[in-house]
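Visitor: Take a look at the following structure, please.
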Amino acid sequence: MVSRVIPVDAFDLVIFGGTGDLARRKILPGLYRRFWAGQMPDEARIIGAARTDQDVAAFRTMVAEAIAEFVSERKRDADCIKRFLDCIDYVTLDARGEAGWKELKSKCRANTVQAFYFSVGPGLFGDIAERLRSFKIARQDARIVVEKPFGRDLATAKELNRELSANFDESQIYRIDHYLGKETVQNLMAVRFGNVLFEPLWNAQYVDHVQITVAETVGVGGRGAYYDKSGAMRDMVQNHLMQLLCLTAMEPPAKFDPDAVRDEKLKVIRALDPVEADDIVRGQYREGAEPGYLQDVENPDSRTESFIALKCHISNWRWKGTPFYLRTGKRMAARMSEIVVHFKPTPHSIFGEEAGTKANVLSIRLQPDEGIDLSVTIKEPGPGGMRLMDVPLDMSFAEALGEEAADMPDAYERLIMDVMRGNQTLFMRGDEVEAAWAWTDPLIEAWTRRGSKPCSYAQGSTGPEEAMMLMHKDRRRWRELEQ
Ligand code: NAP
């Protein structure tokens, strides 16, 4: 199978925060890989912008080092790297100052796609947006890309939306959630809406429950001070897990176009019930082989959660009565993200109790190895009578695509190319982000008001015991965390 790489038109991409961690680890290596794959043309320009006073040669050296560190050897071709570095430029500027902006304007061309990546803290979004307009740098058709966190509550998200929309139309704003750039997430839509098999069963009548897990093995590491003000609910649930929930639960849009898809996602968020206190478990990893959460954030009194599990309900015709269980945490047993749809067992077993009752399970793995797996029930082979067993119908991409799987763009690459194509489908709209905060804010306020302490959990575990109980009381269990 040969996948087609469709080149994008020439573009000018300005990366504010071009010297930062995200640019170095993800954006610049990702752009290089798209260049290597033939998707980014030689005529494209990438202009780094930051306060660090350096010339273009020094910035190119930084980019070359980032490629050496973060791009696999197979794709590091000397000629290709040289041609890519020829596309790189740099401007010294302060987002809050006046110097450097005219120089940036002089570097922007008139007839190319124009995009500005705000790879800086959200405190600078308004300053940059305002200067792009006042210095007449951004054209009417310019695109801006903004990173998470998009606010820390509804009020701050509204303020960010206000700052951006004062200078740009919503159709120009690309709010990144890199989970939406994963191949599997898009495949979830293909599986749901491209097959007759699943959609008729995709409702409360046939789906027992859905589990969405994003487990990490790392701790909060060097981000302790930032993370402690945020916690798992703000850092992961409000954005990534809710986006996955929306794509799983949404109604079929009339067409695969940005507003049609985002309208349907928004309806899901608005149909979410408030979560009962008993249906939320918050946790903090304790000291083990590595320092505990409280040591990592250097705050012995912190009540911020590094783990959260919750049960939510969607009050609409399709999903009334089917719970969605979400969980995410740090320092867990495995690095694994997946959406698992547990179907109900058959209403009656014609084979009798001794055959065993099985139910179909569709799992959509986002990491480590992206793929979709459907468990189906068959007869256990052999002469032992009619006994049932589950077998997986594995639709893992690595197997289906062979070597090509290694060349699939990662989430950032795919999303940046979507920006260049002007496709907003996989980006969050302003009203979606606000609706997500409007749902999470009261939950956070409630546990803050109660002063509730997170439960402790062991490093390398599946989270606190209480999270197991959340499932057990409903006679269900979490899927195993597998590396
Ligand atoms: P970082 O390593 O601290 O980099 C920040 C960048 O902003 C640097 O290039 C810095 O360069 C520049 N900068 C800071 N103040 C500036 C100013 N006044 N004017 C112009 N440039 C300025 O941060 P990061 O990790 O790259 O993260 C950037 C954004 O992405 C943040 O909002 C973060 O939350 C988000 N994000 C990061 C990751 C990640 O994996 N790193 C993942 C998801 C989201 P100078 O010091 O040279 O000015």
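All residue numbers here begin at 1 and follow the chain in the order shown.
Even glycines carry a Cβ here, placed using N, Cα and C.
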Visitor: Since TrEMBL lists His178, Lys182, Glu216, Lys330 for substrate, which candidate among Asp153, Asp169, Asp235 does it give for that site as well?
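Guide: The one candidate that TrEMBL places in that substrate site: Asp235.
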Visitor: Far apart in sequence but close in space: which same-chain residues, 6 or more away, have a Cβ under 8 Å from Ala23 (NADP(+) binding site)?
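Guide: Ala23 (NADP(+) binding site) has long-range Cβ partners Ile15, Gly17, Gly48, Ala66, Ser119.
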Visitor: Measuring Cβ to any atom of ligand 1 with a strict under-6 Å cutoff, which of the binding-site residues His178, Lys182, Asp235 qualify?
Guide: none
Visitor: To the nearest whole angstrom, what is the C-alpha distance linking His240 (active site, proton acceptor) and Glu216 (substrate binding site)?
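Guide: Between the alpha carbons of His240 (active site, proton acceptor) and Glu216 (substrate binding site) there are 13 Å.
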Visitor: To the nearest whole angstrom, state the Cα distance for the pair Arg51 (NADP(+) binding site) and Lys330 (substrate binding site).
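Guide: Here the two Cα atoms lie 33 Å apart.
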Visitor: What's the CA-CA gap between Asp21 (NADP(+) binding site) and His178 (substrate binding site) in angstrom, rounded?
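Guide: Cα to Cα, Asp21 (NADP(+) binding site) and His178 (substrate binding site) are separated by 16 Å.
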Visitor: Compute all pairwise C-alpha distances among Gly17, Gly18, Thr19, Gly20, Asp21, Leu22, Ala23, Arg24, Arg51, Lys148, the residues listed as binding NADP(+), and give the largest one in whole angstrom.
Guide: 21
Visitor: Find, among the binding-site residues listed as Asp21, Glu216, the one whose Cβ has the highest number of other Cβ atoms within 10 Å in the structure shown.
Guide: Glu216
Visitor: According to DSSP, does Thr19 (NADP(+) binding site) fall in a helix, a strand, or coil?
Guide: coil
